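S.K.: This is the structure I want to talk about, given as structure tokens.
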Amino acid sequence: MLQYIFGPRLYRIFSLVESTGQRKLVKNYEVNRLEWLSESFLHTVSYALSITYYCSPFFVYYGYTREIFSSPDRLIYYLKFSLSICIGMTASYLLRGLGRSINTEYQKFIEVLNTAKKDKLQMESLRNYDFDFKAWPVNFRWDESSIKSEVTNPSPISDHEDSKSVIGKIFSIPSKILDYCLGHGIARPMAFPGSVKLLQMAMAQLADQGRTSLLEKKGLRAKLLCENGNEIDSMFVDRRSDETGEGQTLVVTCEGNAAFYEVGIMDTARKAGYSVLGWNHPGFFGSTGKPFPDQEREAIDVVMKYAVTKLGFEVDNIILFAWSIGGYTASYGAMMYPDVKAVVLDATFDGIIQLGAARMPSFAVNTVKRVIRKYMFLDVTRQIVKYSGPVQLIRRQREEIITTRPQVPITNRGNYLLWKMLLYRYPNIISEKSTEALWQYLAAYDSTGQESVIAKNGGIDEEACERRLTLKKKPIFPLEKLGESWSEEERIEVTLFLATKYMAHFDATHCIALPASYFQMPWAHRVESFIV
């Protein structure tokens, strides 16, 4: 009986079409009256608890000002109210168990689930059901893979805590407590609103529709277990059997801060003809944990290991594709697996500190910066410069989220990512004057303005620039010799040429879906070939 009381919610039932290998939606799971009554009550309580959690500071303040905590009568009243809720929940769980136990469809589902947990070979039968992912068996563990990055993790940013005296450490305890509360209670929900249960409840129906669509397109859902114990919800769409050659390449997607693979950027890469592997951030829908940087890093690591070990793709045949804050995990994946084929970063920033500070009152700026450095240090630049492969940045021309001033192109933090990356890769090309020309180009509101800046600086001879940038072997950045003997005019011309190649421009705001036509292999240096 316990498996009916505490078992997962069942949403949809599919059937496998043998001739095509696709799954077809047969029906939505139909609850009986007992299930409906109990689920309605439990869902309402869950919704109320989520609101209470995020509004708890206001409730505590209200209770303190109304002297509720010092009044025995009021405390007893609220305790009785809480006890009534607990009794109601207990009754609802029992009713749900009873309702499920007499529902033949749920009985069959539980039987299939129990069999699949004991025997992984029975997973195909379980894939005909869409249900709460927490009950899904683990399909891949981090330690099942033999691949391991040879790149060393960059050292964490020091907060100088070790240099403090004992007294200094004691006096810093209140500050640490405040930072912890701000980091977990404000910084994390603001940086990753998709981890907030209220938003997930609002997005649930749309996400369910998106997941159903992916499953009907031969989507393969899997649970990946990270080393830290987090479970990552992933979806793989295999297009290797398609006639288009792009299907042999895998695109691993990294979603934005309020996006999910069910309704995210997977569709862009899929429509472009590629095989696609999407996954949800820790704490997003089926994935467990919280989207703090260390957990984000472990998530992309297990996703990469799964792609190579279980799905059978070589690292050098994987493209990392990210939107917005997903640029952090994509850049980390590129740094740790430097042989990946390419990286495409759409509407991505250089770092989160300046964006966070720009949205806070001036008196809170220092606190915001300190909290971000401790708990939400998402420095894309620091990681992407460790990758020497092709990179494509896509800037939204009417960007309003990753700018410090909405829809003002020059304040787009993607500009800083481009500039810092070019400065690292080509230290003898990006001079003071070429940097000035670059920022004039980035300040333009549209293609007409960009063309005007290029013309003002003497234009671009693309073939001549390609010849100047031709290398004798595959580049390992920084290229410290390239451009040493060039004139300032040549540096300016090549800088603007590189800007046009490294960054594409999409005339849209932050949340508009990227058309498949914009998803292309990034520009790369020509490499001379010698006949021996």
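Each Cβ is built from the backbone N, Cα and C atoms, and glycine gets one as well.
Residues or ranges marked as domain 'Phosphatidylserine Lipase ABHD16 N-terminal' by TrEMBL: 2-132. Per TrEMBL, domain 'AB hydrolase-1' is recorded for 251-376. TrEMBL lists 41-63, 75-95 with the feature transmembrane segment.
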S.K.: In the same chain, which residue numbers or ranges, 6 or more beyond the ends of the transmembrane segment (75-95), come under 8 angstroms Cβ to Cβ?
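M.R.: Sequence-remote neighbours of the transmembrane segment (75-95) are 5-6, 34-35, 37-39, 41-42, 45, 68-69.
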S.K.: On the DSSP side of things, how many residues of the domain 'AB hydrolase-1' (251-376) fall into helix, strand and coil, could you say?
M.R.: 62 helix, 21 strand, 43 coil
S.K.: Just give the helix, strand and coil counts over the domain 'Phosphatidylserine Lipase ABHD16 N-terminal' (2-132), going by DSSP.
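M.R.: The composition, in the requested order, is 88 helix, 18 strand, 25 coil.
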